[in-house]
Ligand code: PNW
């Protein structure tokens, strides 16, 4: 059987708003507001309680240990540290993360920490959020506060989680907080998110920390739906929209020319100032990739991007997302080839299914199948020379799945949101074996259709 390298990093991932709860101990965030707005979140659910991890972190870390999880990716809630989006620190918030890090250390679980996983203090949104360039300084101040407190005990940092989701779904499509629907706002917000990434990397180095710092992007491999020149060109635009718009600035210091031509029809890009692209492309240590699904494109006349997403005919998860693990291998190899073979971590990969408790157990063969196929794809990529150093399953716990509320379960651990009971699913037991052996055993039962 093929094996992952000895030093391969295994773990599971979460984010603050999705699991913590503890609403009384932090300031208001854009997701609190968004969740209150009728029609935005399934059943108008919110993260006030979520998995109650704020109060149950000790049990949760004990469960990580039980499941042989060597590393844990979590995010820090900006509004727990600066509840009013100013520079007045909430010591209680810092103390929570200190306690969490203590518990992880006692259990031998290595932390990897995301600085921004979407829960912006509402007070900063009131000043324009990511559309206001001033937010860059605020994000640097927040990050510096975190580095100064925890920089000696956390050696891997992620500046941003998924700038495309933050800015397209938040400012362009209106599906996520703050809920704007405006292409120029998307472009401006994306620029400030990227700029803040570069500024935080620079500050981390200036402070002389010796750990690693990177950024996580959500990427899909983009395939043409057919072999026509129109279809191939459409897939290229879809790739520019989702992938290259973020990859090119951070690695090459420029926005992709073909996309600029399209976007200049929407924005004059006056928000790009001298020196910005140098800052955005400051060297960083690793690329985090969140991979879930695949995209197939056909040309669509009259659409602003000229792209119609079409089905590739693969099976789907409960999110309706198509499952295609070869897309992960193709994506990883493409990044190796186009962006000078960077160190990569899969910082999220996983699937939602309609899990049910039966006799106190949760059997999720489809999730095992999903993880199996994607881990095989990771091995293929490593064989092809990709410098893949780790893999984090999304998610440790079922949690608040943004606009879908609690209706979509991504956890390898089931959460009963009434009792807060945790039940490790079959996938958790299977993944435990993977993490312990570095091998990927064939799933016992398969669900392929
Ligand atoms: C990621 N899309 O979000 C996030 O990092 C997680 O917080 C989230 O729970 C997880 O994936 C599952 O959704 C995404 O529409 C949300 O393409 C939406 C998309 C991609 C990623």
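The backbone N, Cα and C atoms fix where each Cβ goes, glycine too.
Record check, TrEMBL: substrate site residues include 18, 117, 292, 394, 401, 402, and the candidate from 161, 243, 341 also listed there is 161. Cα to Cα, residue 401 (substrate binding site) and residue 162 (active site, proton donor) are separated by 15 Å. Those residues noted as binding substrate (18, 117, 161, 292, 394, 401, 402) have their most widely separated CA atoms at a distance of 18 Å. In the structure as shown, the Cβ atom of residue 292 (substrate binding site) sits within 10 Å of 23 other Cβ atoms.
Apart from 18, 117, 161, 292, 394, 401, 402, the substrate site neighbourhood in this chain, defined by C-beta within 8 angstroms of the site C-beta centre, holds 15, 162, 290, 348, 395, 399, 410.
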